[in-house]
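Enquirer: The feature transmembrane segment is assigned by Swiss-Prot to 37-57, 103-123, 141-161, 162-182, 220-240, 264-284, with sequence analysis given as support. Summarising the annotation, Swiss-Prot assigns domain 'ABC transmembrane type-1' to 99-288.
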């Protein structure tokens, strides 16, 4: 009888369920997965990265050394899904291989610019004074030139080639990251936990890279993802002008340059590389918008 009453009493009590702890990482994924457009863009970017890694295994033909002289400038067919160009090369294979070249140029150039610009921004924002004035005046000079003109000037001095294109695009990415990180540093260094770290004897480098830099990571990640699209366009523009990738390298901008003379009789030769550039840049921009809204929901509201 006593056990029956105890069970009845326990049955009336509310059940306390174990709730999962809400971490910043889980909150980020929860907000990001609600944005279907950004998720689709992220999946497309992952697909592009997979293509870039395994392009040589996905190509039906050699991108540089295969020539089908019987089907010059022929449109899409079962043998050549996106057609062939004026030299008989398979456009689909060249676009797949061009994915590796364009993504590498865009990502590595922004990565170099991010590393240098972030370091300069931390130093300028933390120390201020003469260091801030010198770094920001150099950034102002670089900002005075349009990005594409600055890249053209750098490549004209250093010479053509994709390696020099990466350097040129990285140079005009440096001031953008420096100004972004400097603004964050000016705000973060005034917070209480920075003063606490300084009072406990932490040196400047520890404060910069262990306390201030993590507070700027979200802004850097968002800007990094959105900057890649601009870098891909700039690299393609330089290749289109003959200053970047050189034939027979299947870079998207170089493919557009080669297609200029055949656009009337074979428009597909220019349409598909242009579409590849458009979709790639759009995907990175949409992904950047989604990351921004997920990392800082206050901006969205």
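Including glycine, each Cβ sits where the backbone N, Cα and C put it.
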Enquirer: For the transmembrane segment (264-284), which stretch among 103-123, 141-161, 162-182, 220-240 has the most Cβ pairs under 8 A?
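Expert: Result: 220-240.
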Enquirer: Using Cβ atoms and a strict cutoff of less than 8 Å, what residues sit near the transmembrane segment (103-123) while being 6 or more residues removed from its termini?
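Expert: Residues 48-49, 52, 131, 135, 139, 162, 165-185, 208-209, 212-213, 216, 220, 224, 227-229, 231-232, 235, 244, 251, 280.
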